[in-house]
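Undergrad: A single structure is presented below for examination.
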Amino acid sequence: MTTPSAIYKHGDELEKHFQVDINNARYKTTNGSTTGPSEHVLNAGQIDRDRPSDPKLLDNTESSSPSYTPLSLLRMQLTGLQDDINIFLTERMEVAKMKKSKLASDAEEKRIEEEIKVLLDGGDDDNSETENEQ
Amino acid sequence: MKNGREMSLDYVLNLEIPFTTSRQAQIAAKVLVPDPILKPQDFQVEYLSQDNILAVHFRGIDDRVLRVGVSSVIDSIKTIIETIDELD
């Protein structure tokens, strides 16, 4: 059975592919790392009442290693894929935020420089001081 | 009453989810389609079932909008998968 996948695109400059690695533990759980209440909230005593249910076991599973239904496997794989997408887009958001912050900072710096320049160019009466001394 | 400002939705994510049967993919698409999008000018989503694959096409005005919308839809899809697993 194939696994879920995703492709992110932004214009012609960026394309990112998301694939599931079925041997990686992050694709073998229904509890995502980027969904649900934060650690801070859980540590404060909050109970996660919306916690995803555990994957469904195949009937008559008696072996020590559990076998899950195909749709449970899909749900676990999709959970890991969702985390991958969320982490990637959050990083992109941070980059955009830093760029915006730098632009604002550069604009502010330029504004201050302009103001200083205007103030310095406005005081152009050095000769009057010399005449007073004489 | 258009405000004249049309931002292009050029932040795109295409998601493919392989169900075990084409019927399941069709059910999932039919369940998802009626969900309203609060701000269609900022975010749009299309659903298509092709054989056993549910294809979801997301478009947003920026990465933040895309992240919120994509994660929300995936949560819905996981619920659908779980429901089908239990009841089908």
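For all residues, glycine too, the Cβ spot is worked out from N, Cα and C.
Curation does not apply to TrEMBL; its annotations are automatic.
Marked as compositional bias 'Polar residues' by TrEMBL: A:27-37. The compositional bias 'Basic and acidic residues' annotation in TrEMBL covers A:47-59. If you look up TrEMBL, you'll see A:122-134 marked as compositional bias 'Acidic residues'. The region 'Disordered' annotation in TrEMBL covers A:27-69, A:115-134.
So where do these features actually land, and what's packed around them?
TA: Non-local neighbours of the compositional bias 'Polar residues' (A:27-37) in the same chain are 3, 20-21, 46, 48, 50-55, 72, 75-77, 79-83, 86-87, 90; each lies 6+ residues outside the stretch with a CB under 8 Å from one of its CB atoms.
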Undergrad: Which sequence positions outside the compositional bias 'Basic and acidic residues' (A:47-59), separated from its termini by at least 6 residues, show Cβ-Cβ distances below 8 Å to it?
TA: 30-32, 36-37, 66-69, 71-73, 75-76, 79
